[in-house]
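Shown next, in structure tokens, is the structure this report addresses.
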Amino acid sequence: MSNEQLITEQAYLNQTLGKINESLDITKEEIKKSKGSLADAASGWDDVRVKTSTYSGIVETAMSVRQQQQAIAERESAKSRAEVRFQTLSKQAGKPYFARIDFTDPQDDGQGPESIYIGLASYSDEEGKFWVYDWRTPVASIYYDGGLGQVDYLTPVGPQRADVSLKRQFEIEGGDIVTLFDTEEAIGDAMLLNALSGESSTKMKSIVTTIQKEQNKIIRNTDADLLFVQGAAGSGKTAAIMQRVAYLLYRYRGKLNSGQVVMFSPNQLFNDYVDQVLPELGEQNLVQLTFFQYASRRLPRFAVQTLAERFEQTVSNEKIDRMLGSLEMFKATQKYAQSLNQKGLHARNLNFRGEPLITREKILDIYYQYNENYKLSQRLEATQDTLLRSLRAQVGVQMKKDWVELAIENLSKEEYDEMVGAGSTRIGDDEEGDAGAATRRHQLGAQPQEREFKSDKQERNFLAKKIVTQALRPLAKKIRRSGFININAQYVDFLKVLPNFMNLADFGVSDAEWTEYLQQVIADFKDHKLTLANTTIYLYLYDLITGKHGQRDIRYLFIDEIQDYTPYQLAFLKFSFPNAKFTVLGDLNQAIFTQDWANSLEEDFASLFAPEKVEMIELTQTYRSTEQITNFSKELLENGKTIEAFNRDGELPVLKLAKDEAGALQAVKDQLQENAIDQEQTAIITQTLEAAQDLAANLDGEDVTLIHSENQRLAPGAVIIPSYLAKGLEFDAVVIWQADADHYSAQDQQRLLYTVASRAMHRLTMIGAGEISPLIQAVHQSLYAREEV
Ligand SMILES: Nc1ncnc2c1ncn2[C@@H]1O[C@H](COP(=O)(O)OP(=O)(O)OP(=O)(O)O)[C@@H](O)[C@H]1O
């Protein structure tokens, strides 16, 4: 960088900052003014005259109330607009932009190149001159998409071409340019290297200044209904989708808000890890939840299988797991539900005072009296209507019963007053009208009147009706909530007759195996326990029978770590969010829950969308780890060849094998010490929770935090964490505990080992006792160092 360039750029920066500060002052004034005018508007209530004696008076009152409300709402929104602008400007005042591009539009003959500056948000001065462009504007795409020369970029009106003559990147601190460099590439390696060599932190950062071309495609895609991103560990999938959320909120501002975007993430720790990215980009956070949370909160009475249980279950029957998670099973659920249109619904009696008031046979008669053209949801609705009608008819019948008589006699003074509504109810206000009456009284100030009865009989009837209606209310609620369907029995029935709806042999499952499994499910049911696979099927069946249509207001759905989902779960999510566009990210090599069968996931999920609306993007370049760590960990895989390491130098991974457990433990202690001296934040990753707990007990006295549950927070400093909770996270230094033949040997642990090894940014140490793990032995010796300790 020449000195002259620096001086010119600093001068431009000063000018920009000067303008921003001017705008800040103006905005501050606006906020002050809008606060004042809000107070003025609020005092307008004093002028609203309440006239209630005539109809026209009421209308007039209502109109002036409405006008007054509008005036306040307008001023409030002016105030909050000014406040948002103030916040944005305050952020810009330190670091208004990070890049500059000069380009010419080939269609603008004779015009010289135009320079634009790119920052986290746009800035235009009071005269409307643009000083900074938001990184999400179409033109800013030029910065991410290519080097110098011709670059095509997409705008809402179609593709545009630009001839780029300069790309300059800045680092600005506190209003001063610290560094500035020109680059010919999309994003200069120097800048990226700089961004990547930082230390890990408990919070993910935005990558806005160094988004790569491939990532930019993911971020700006608006066409696909299903955007499927497959990428190696550390290739920036998560980083890219956080940017994508920010992009979409900007691109569709005014039409899309963060409440309409949902992200399914692997665990709660991960939610905590990424929750700063969007605020850093000036956006509101999105709704984030795990599949477990989504499913289990709909079934409060069941203990749904947790993440730890799912990971640590001794693989009971992989064939059955695979079958339950398949699209065939999804279709079988639909077919079974369909069959309920003819017969097979499991109903339960509607009991009242311990006796069946409407028997299950009667309910089934009603349910099946509608012809075959009814859909399940219509059939249910019609049944509910009929049941509610017969419930209403019951009022008259029950009023004559002895229990009502007894109840009237036993009414206390308070209960009586409450029912009759002395002092609060006007004659003629029926029960339904109570809310309306209360509002009327409140608004119009009418005096309440006492209820008067013409005769004892009238009073008795009134009370009896009240008592019966109240007593029947829970039943009405039950009917409205379809509580007369015995969904548990229905579910078990479905599993029993499953062989009529799909071919179990296609999954290698024999009748005997299935019967045995069924017994297990029934036993679990009795204990109120459900596996995640069963929970999903249960919920889908329930939704089909009750005609639920899912959440229609959600427009974008993101699923991270998709390899841990079954096709069934994905199909269920598609059903549950029918209007959402899906962005899904995954790395089949990190499938630690679903193993081999994750391979067909891409195809299975894509089959649920129109082919022309599906886009696949593959990311092979990794950013998280040093070249040495990536080159080692990709060799753990059979198909890791295509993974490309980022050219960032570091030490070789080290395998430390001790003779016995005690030696290994000592090695961990030494490593913790060494890492602490080198200021590398360490995660000791164990395979299971139990191993993590054991190790923590053995490391008593060391400064390490055990992360045993996803509901914990990630602590700074060294942590011990089981593998399934480390998903998606990263650490300066990783120690893989028990990296030996006793613990990592089966072929299906290859992915697990790869997943944990790829969490390391700068240093990877594997510590074990006894024999070397065959999975590590398969890696070429030049790719790691081996020490006997
Ligand atoms: N363009 C980029 N510029 C700077 N840093 C980047 C870029 N892309 C990715 N990174 C960094 O690389 C690391 C890995 O990214 P991220 O966690 O998004 O990867 P991932 O593909 O989701 O990985 P995994 O599958 O292992 O969870 C993060 O520290 C991220 O900030």
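Numbering starts at 1 and runs along the chain as displayed.
Glycine is no exception: its Cβ is also placed from the backbone N, Cα and C atoms.
According to TrEMBL, the feature ATP binding site maps to Gly231, Ala232, Ala233, Gly234, Ser235, Gly236, Lys237, Thr238. Marked as domain 'UvrD-like helicase ATP-binding' by TrEMBL: 210-626. Annotated region 'Disordered' per TrEMBL: 422-456, in sequence order.
In this model, the domain 'UvrD-like helicase ATP-binding' (210-626) carries an average pLDDT of 86. With a cut-off of 8 Å between CB atoms and residues at least 6 apart in sequence, the same chain places Lys237, Leu585, Gly586, Asp587, Ile617, Glu618, Leu619, Thr620 near Gly231 (ATP binding site), listed in sequence order.
Candidate binding-site residues: Ala232, Ala233, Ser235, Lys237. Those with a Cβ under 6 Å from ligand 1, in sequence order, are Ala233, Ser235, Lys237. Other Cβ atoms within 10 Å of the Cβ of Gly234 (ATP binding site), summed over all protein chains shown, number 27. Around the Cβ of Lys237 (ATP binding site), a 10 Å sphere holds 26 further Cβ atoms from the protein chains shown. Listed in sequence order, the residues of the same chain lying 6 or more apart from Ser235 (ATP binding site) and placing their CB within less than 8 Å of its CB are Asp587, Leu619, Thr620, Gln621, Thr622, Tyr623.
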